[in-house]
Structures are given as C-alpha cells and as structure tokens.
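Positions annotated as region 'Interaction with CASP8 propeptide' by Swiss-Prot, on the basis of experimental evidence: 1-305. Residues or ranges marked as region 'Interaction with FADD' in Swiss-Prot: 1-227. Positions annotated as region 'Interaction with CASP8' by Swiss-Prot, on the basis of experimental evidence: 1-195, 370-480. Residues or ranges marked as region 'Not proteolytically processed and involved in apoptosis inhibition' in Swiss-Prot: 1-435. What Swiss-Prot records for 1-73 is domain 'DED 1', and it gives sequence analysis as the kind of evidence. Residues or ranges marked as domain 'DED 2' by Swiss-Prot: 92-170. As annotated by Swiss-Prot, region 'Interaction with CASP3' applies to 192-435. Per Swiss-Prot, the feature region 'Interaction with TRAF1 and TRAF2' maps to 192-480; the stated evidence is experimental evidence. Annotation source Swiss-Prot lists region 'Interaction with CASP8 subunits p18 and p10' at 217-480, citing experimental evidence. The feature region 'Caspase' is assigned by Swiss-Prot to 263-358.
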C-alpha cells in the first residue's frame, strides 16, 4: 500500500470517520496508540497488515463506499464477498461497538455516560465525549470487553434502547458456541513488554498452584495484574468437562519447523510417542515458513484426524519470526494463526490446533532493513469456500486454538548453539511423562518451572512464556 493512497484516504475522511477507524483498529495495532489515521495506516502498512483487502474492509466499515470505488476501484459487493471468504482485520466485537455508536444520538450517549458514573467514578469522562470514547474508558477499567457486555446491555435497557440490547444478545449468541474471547486493548497492550524482555516483564507463577489455576480459568477479575500467560486476554471464563475427541490414528499431523536446528530430534520423538504423524522442515526462510504453513493449512488429510500440532523454532522479533533471514520484521505471528482459523482451514474447524513457538528475539542492531511479509493465504482459497458451502465450518473461526509462545534472548544461542530450548525441553518432558493430564494443567506447571528458573538467572538467560487459548473443551493428548 503506497503512502499516496494512505494520504488520499486520510484527507477524505471526516472527524467522526477517523475516530471510528482508530477505534476499529485498537486490537490490530495493540502495542501503539497512533495519534491520527495517517500514522495508524502507516504503522499497519509497515507491519504487513494493510493489504488492499484490509484497507477495503476499513473503508467498508466506516461506510465510505465512494472511496472504495475512487481509490481502490472496488465496489461494495466485491468487499462483502471478500469479507465472506477471508479472515477479517477488525474483530466482530469492534464492529458491533461501532454500529451501536452509529445508532445512538447525543441524548442517548449523554444518558449512558451518566449511568456509568456509578461504575467509573465521577469526572472520568466528560459529557461531550462520544460513545466510542466511553467504550475505550470502560475497556481500560475492564468493565467492557468482548466477553463482558452485561453492563452495557443493562444500561442500554435502562435508556430504552431495546433494539441495541437485542443486537448485543445476538452477538453473544454468535460467539457462545465457540467459547471464545478476544483481547481488549488494555490487556493486550502488555505485549509491548515482549519487545524488551528486561522491561518489567516477569512471570508471575511464583504463587501457589491453586492461585495460578484460578487465574488460568478466569476466576480473578483484574487481568492487567496477571502475567500475560495467565491473563483472560484470550481465555474462556471456564473450560467444560467435555473432552475433545482423540481417537484418530494418527491423532493428527505434527508440523515441526526448526530454523535453529537444536530441537528436531527431541520434538520428533515426543510427538511420535503421543501418536502424531511428524513432518519436519529445517532452516527455512520466512517465505519458506509461510509457504509450508499455507500448504499444511489446506491439507485434506486433516478431515480424518482429530487435532493438529505446529512447533516453530526460529529467530525473530517480538511479534514475528525471521527463519534464517536477516530482517527487521519478518512473518507476523498473527498471520500464522489466521491461516488456521476455521474459515481459512475448514478441515480443522472444531478441532484443537496447538502451536508451540520458541522465538529467539534479535536486537534491531543485528538486522537488515526489510518489510513484513504479506500473507493472505492464497493456497487455502479454493478449499476454503467449497468446504464452507458444505457446512464444515460450524463453530467460530477463532475457536479451539492453544497458542504457547516463548521468547528468549538471541544471546542464548550464541552462548551454546547446540543447546535445546529449556522451554521445549520442559514441554517435551511433561507431554511424555504426563500425557493423560489436561494440557492446560501441564502448561501451568511448565510456567511455574520457568518462573523458578528465571528467578535464578540473569536477564539474558530468561525465558518468557505467553499462553493464549480458545479451547471449548478439556484437551488431553492421549487416545480417548
């Protein structure tokens, strides 16, 4: 996306449209708060999150269909078709909030601000603020989130906007089946700490196992005070006792991409012993990683298997992997997850998709200039729409993910290039010795071990573990 196009869009939007666009993208550029639309779009462009389709989606969301036609040469119907067939840049939650804001008049917003004083405190937000400003403040106080809309629903009822209350209820029903919850901005902003592991980022697993388990299952209501790997940022409020089916032989494909070369044998032996068909690839570039992931995401063999595992070991940045390349940016981690969402990878819809990522973070001084790799999943398009038409994708597209990311300093490899990752060693040991226990429980104990390790070593030797999941059932990596 060129700077000229960004400039044209920014100039054409009015104040309200700019406010809406900034709000819609709060979950997309989570580690920065850009002051204006031009800076926001420029940041997204630099990070590879502003393809023509992405910009078309944003213009569609702010209802500037004239700009779609004049600047992007697309009509409304083409964008709607694109949104049906591709992962969305903007979450359904943000779209819902923006739509509610459009349907409220000034007196409605004033009434909502008044009602919220009981929860926010007086003077927290002025009467002149918009509904979207109010939502942002409520998010900061953890009073509103994608899976926490009861307060807003109650207040809409109190101002007699039953139509908007009903809209929220429909949204809840649409995501309830998936048991999924999204990050709100305040929770997700803690991810900035991953850019500098020494920047006040500590594992908080020194508490008792009972406390950690309560936090893991969402019993605590103050996610900002939790460690990232145990926050409610991407967790359902509870995990039902129902178990994922694990009966296929093999249980599924385990894809190992090791761009360092230290982990392959250990991981292969572990997942083979668990009943997975292991396929491994060594020393790939970031384009090679993207290509392999795209191929595996659309494999029809997934139809016959009950789960999927991907282990990725690479050098990278805080939110991307480089493979063997020397680059400033690389393949964004969120693009990897998008490749395997239910609407892009229909044969794995409703099945657990586990990702274990060891990322050795490289300082910027060691890198060459590059740009983020644009990943749009072309290899999946032909499978995707046909499968959706057959009704394979019946759960929320972001459901059933287990995403475990460990970052460590690149200097660990320089000290001992042949030494495996402590995180992956511990994970392998847990999986082999205690496979009949729930994966979440094993990961909590793994976090505790990493916390103990970090308390004894220097900053450069520490491992920082971050867990997100949207599991709807109990996950045990053993035949049921």
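Just so it is clear, glycine is given a Cβ too, placed from its N, Cα and C backbone atoms.
Taking the region 'Not proteolytically processed and involved in apoptosis inhibition' (1-435) as a whole, pLDDT averages 78 in the prediction. According to DSSP, the region 'Caspase' (263-358) comprises 38 helix, 29 strand, 29 coil. Secondary structure of the domain 'DED 1' (1-73) per DSSP, as helix, strand and coil residue counts: 47 helix, 0 strand, 26 coil.
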